[in-house]
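Asks: Quick one: the structure is below, and I'll ask about it shortly.
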Amino acid sequence: MPKRDDIKTILVIGSGPIVIGQAAEFDYAGTQACLSLKEEGYRVVLVNSNPATIMTDAEMADKVYIEPITLDFVSRIIRKERPDAILPTLGGQTGLNMAMELSAAGILDECNVEVLGTDLTAIKKAEDREAFRDLMNELGEPVPESDIIHNLDEAYTFVERIGYPVIVRPAYTLGGSGGGICHNEQELIETVTSGLKLSPVTQCLLEKSIAGFKEVEYEVMRDANNNAMVVCNMENIDPVGIHTGDSIVVAPSQTLSDREYQLLRDVSLKIIRALEIEGGCNVQLALDPDSYNYYVIEVNPRVSRSSALASKATGYPIAKLAAKIAVGLTLDEVRNPVTGTTYAHFEPTLDYVVAKIPRFAFDKFEQADRRLGTQMKATGEVMAIGRSWEEALLKAVRSLEIGADHLLLEEAENADAETLERKICFPEDDRLFFLAAALRRGQTIEQLHAKTKIDLFFLYKLSKTIELENRLKENPQNEEILAEAKRAGFSDAFIATCWNIDEQAIYDLRKAQNLFPVYKMVDTCAAEFESTTPYFYSTYEDENESIRSSKESVIVLGSGPIRIGQGVEFDYATVHSVWAIQQAGYEAIIINNNPETVSTDFSISDKLYFEPLTLEDVMHVIEIEQPLGVVVQFGGQTAINLADGLAKRGVKILGTSLEDTDRAENRDAFEKALEILQIPQPAGKTATSVEAAIKVATDIGYPVLVRPSYVLGGRAMEIVESEEALKHYMTNAVKVNPKHPVLVDRYVSGQEVEVDAISDGENVLIPGIMEHIERAGVHSGDSIAVYPAQRLSEQVKNTIVDYTTRLATGLNIIGMLNIQYVVDGEEVFVIEVNPRSSRTAPFLSKITEIPMANVATRVILGENLIDLGYTPGLAPEKQEIFVKVPVFSFAKLRSVDTSLGPEMKSTGEVMGKDVTLEKALYKGFVASGTTMHDYGTVLLTVADRDKEEAVELAKRFNRIGFTIMATKGTASTLEEAEIPVSQVKKIGENQETLIDYIRNGQVTLVVNTLTTGKRPERDGFQIRRESVENGIPVCTSLDTAEAILRVLESRSFELESMNASEVKQPKARV
């Protein structure tokens, strides 16, 4: 069936900011789709609010709109661009929900726009819990006994009939938002209330819990001719009850018999055909381990996180082909880009095993509830490929970057019996390590199976790994056992620990017996057909399939799994660096392990190695490829941390030298450099003990900013106001010693400014200066950034340009650098210099049209800025105003304090642009999910230090018609200033308290700067959490509140009566 020629323009809806449940996989899918549609000759219009994505690059579509994905803005784009069709199935839950909203509002009919891929009826049947259940009943496919509920009373009725436990699944939500397993009435009340609030149609499915069944997923494709095929089947190691995004997953499934596999395959194909989906679809099934009984859990009628994993696991580009199917092409017409000879309807065959392990942010959120359930909590994931499950699993473990290079975690090994039991029976993010610890202590696989319902096959494989550990320890330097351990995925570092020698000695032993990995190709067909994909994984076998080319090559290290502090921004820079290397005439090679990202799409680089980012794994690739050098600037802290080990092994680090990187990152060396350059910084010193830290703080005066050296995302950073708080920080937050010093600085509460620059060693280009709306003390990644800076004098700007130029040349930076300053009056202090790409680089690249990672890479390869056509100094500022607004995932992470400080908490970002700051901010807030009410009630409860400032804010809120509510202390201050205020009771007082007002929806905005404590029992913590749980915007910085207020003021009108007697009264605005 030829592609459709009755449509010319297609609107692709992106997925918006990165949040838990919807990460970089949709940048990968959207990028593939846009390129695929352009390849077929269609005019592509894209809307997405996330500037940190490749898909929002100008080259990806004919028209790119970085605008809020809301009904209002998408409708405007449709009316302006007049597309013939929209493709919403590549924008995750955001894209699907937007399509449903556009349809319900009549926009699609009004503008005569067709929905491609999956029609709205199919979306409704899959997403609406009631319609889905009805369809399964029609097909005769079993679903767990369930009921659709719209309120708590209906939930009670269902539980009375079925009994506990029950699973709550809200309709039209992402990553299981608001859902969970309920074992008692208290859990039922909490989960159902939260689920109904988060569901856009106020609907939840309550179903009988089938926790303990095997969870299996099928990734399927179908075209308009009703051809359907399975791309990949995947098995969750964790049984039903844990969200698939939080589960360890293996592909292909390992424990299904052929009969079970075919049974579930047939069901999946039957469902995609019944829904008449044209494109990709994910079917989740539950299989009774003791019979052939199964249940259909749910269907995602779109490209998903699992599609990205299936694409990378098989090499089969699902999103690219789904876009082609959406425009009428069929599976038997489209060639498989991997083989170039077979067609897309051939089902991929794997002759290897793939392991996926989720990456969580609990290192950032120590207070978070780590218990896993049906609501997703992981921020990212890693994937590894091996010839056996054991090998793939161990490679995935060391890809996680959690300080473990094996199934060995200190906390698990040192845990008492009670903790060990709890961690095994009630799964948390680190259960895998506790299972290994239990096996080391002699628990049997049968005992562990009874407690966890994890299949005996996986537990047996774990026990074999532990057995091999013991044999290693008993036979030091035994060549046969060394070879066996390497085949099973053991790292040199772990073997060295077993044998009590250093890692280099293991490498030397392997070298002596020529024990090195070979690289195998991912080809979708188990080598049945000729394939030319440059996509490889390592394993300890005989035949090597990766042949070094005659062309000079450069290796770029990726940034690994997405986590808070190191997000998709670094993948963006990695991809641009690869493109620049190719433009400069070299072969570009990527090493990375994140299945969600664009960088691990094999068509991006000349060669892709899907490997852990450890010294050992990276060195093996370097030894086989013999590159000109390695680029570490774009892979975040992951890549920077490898530079030292690589250099010691004789590898050339391209760009800024290791010594100069250390001068920027090592506190004492940095201070010396600043002294020579005569650039001021806030007073401070390095401390290597608790006593030293107290002395430094006493000398410079409180408050002080404390943080460990060499961190990303403000890990363990805090503003400390007293000696007692400092002692608590030093003993709880960090392990201070001479090897890991702590920096203690005077805290300057000024205006924070951020600069990204590129240096070729002589010339320095500054694309832009960004100012932060929140004052210093809030992590730059959590601040609203504004470009061009609005509040800086010309003198301050000139100083910043001067300091940036001097720092770049003085530190011998070659490539990119990011500098953070604090401005106090007309004084400028440098806070820190990062000699690498930053999380603001994609934002600044988009708005200044200077492709920073591309230019920096050309400079790293030896070109200079002037020859590349750039004038040194600050680039001319744009007329429009751009803002970068952070996006948080607090709703997914219960028990986490939402207050902002020096440690980063946001998972993603959006951009707003317009002709005024207020309009740009409005777009940014709306795109980030902040509800902007033009009137309502503001709850103010602020610390004493903020009361004076709060009075001014309250006056302005009152003037535009908002009601002010405040707790006793704040209310008294406002009354003294003659501002109308309703006093509300604090938590714990009798009668209705402020928490009741928040829960009852009587508050539209909360401004809370009350307590800095992290303990959940603190009032401020409870106020902030309740606000998040109830979808109410909460500002923990008066600067953010002022920004929202500016927007609201700009949207209000003057209202003044004509009575002469009232003319002298202050003007009211609404």
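Cβ from N, Cα, C; glycine included.
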Asks: In Swiss-Prot, the residues Arg746, Val748, Glu752, Gly777, Val778, His779, Ser780, Gln820, Glu832 are said to bind ATP 2. Which of Arg663, Arg707, Arg894 is said to bind at that same site?
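Replies: Same ATP 2 site in Swiss-Prot: Arg707.
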Asks: Please list, in sequence order, the residues in the chain of Lys208 (ATP 1 binding site) that are at least six apart in sequence and whose C-beta is under 8 Å away from its C-beta.
Replies: Pro144, Glu145, Ser146, Ile162, Val166, Ile167
Asks: Here's one to test understanding: among the binding-site residues Arg707, His779, Gln820, whose C-alpha is closest in space to the C-alpha of Glu298 (Mn(2+) 1 binding site)?
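Replies: For Glu298 (Mn(2+) 1 binding site), the closest Cα among Arg707, His779, Gln820 is found at His779.
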Asks: Near Ile242 (ATP 1 binding site), which residues of its chain come within a Cβ-Cβ distance under 8 Å, counting only those 6 or more away in sequence?
Replies: Glu215, Asn236, Leu372, Gly373, Thr374, Pro427
Asks: Need the DSSP three-state call for Val748 (ATP 2 binding site) to compare against my parser.
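Replies: For Val748 (ATP 2 binding site) - judged by DSSP and reduced to three states - the answer is coil.
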Asks: Out of Arg129, Gln284, Asn300, give those binding-site residues positioned within 10 angstroms of Gln820 (ATP 2 binding site), comparing C-alpha atoms, in sequence order.
Replies: none
Asks: Could you measure between His779 (ATP 2 binding site) and Gln284 (ATP 1 binding site) for me? Cα positions, answer in whole angstrom.
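Replies: Per the Cα atoms, His779 (ATP 2 binding site) and Gln284 (ATP 1 binding site) stand 39 Å apart.
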Asks: Within 10 Å of Gln284 (ATP 1 binding site) (Cα to Cα), which of the binding-site residues Asn300, Arg707, Gly777 do you find?
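Replies: Near Gln284 (ATP 1 binding site), where near means Cα within 10 Å, the binding-site residues are Asn300.
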Asks: Below 8 Å Cβ to Cβ and six or more residues apart, same chain only. Which residues does that give for Arg129 (ATP 1 binding site)?
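Replies: Set apart from Arg129 (ATP 1 binding site) by at least 6 residues yet with Cβ under 8 Å, we have Ser146, Ile148, Arg169, Ala171, Gln203, Cys204, Leu205.
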Asks: Given Gly777 (ATP 2 binding site) and Glu832 (Mn(2+) 3 binding site), what distance in Å do their CA atoms have, once rounded to a whole number?
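Replies: Here the two Cα atoms are 13 Å apart.
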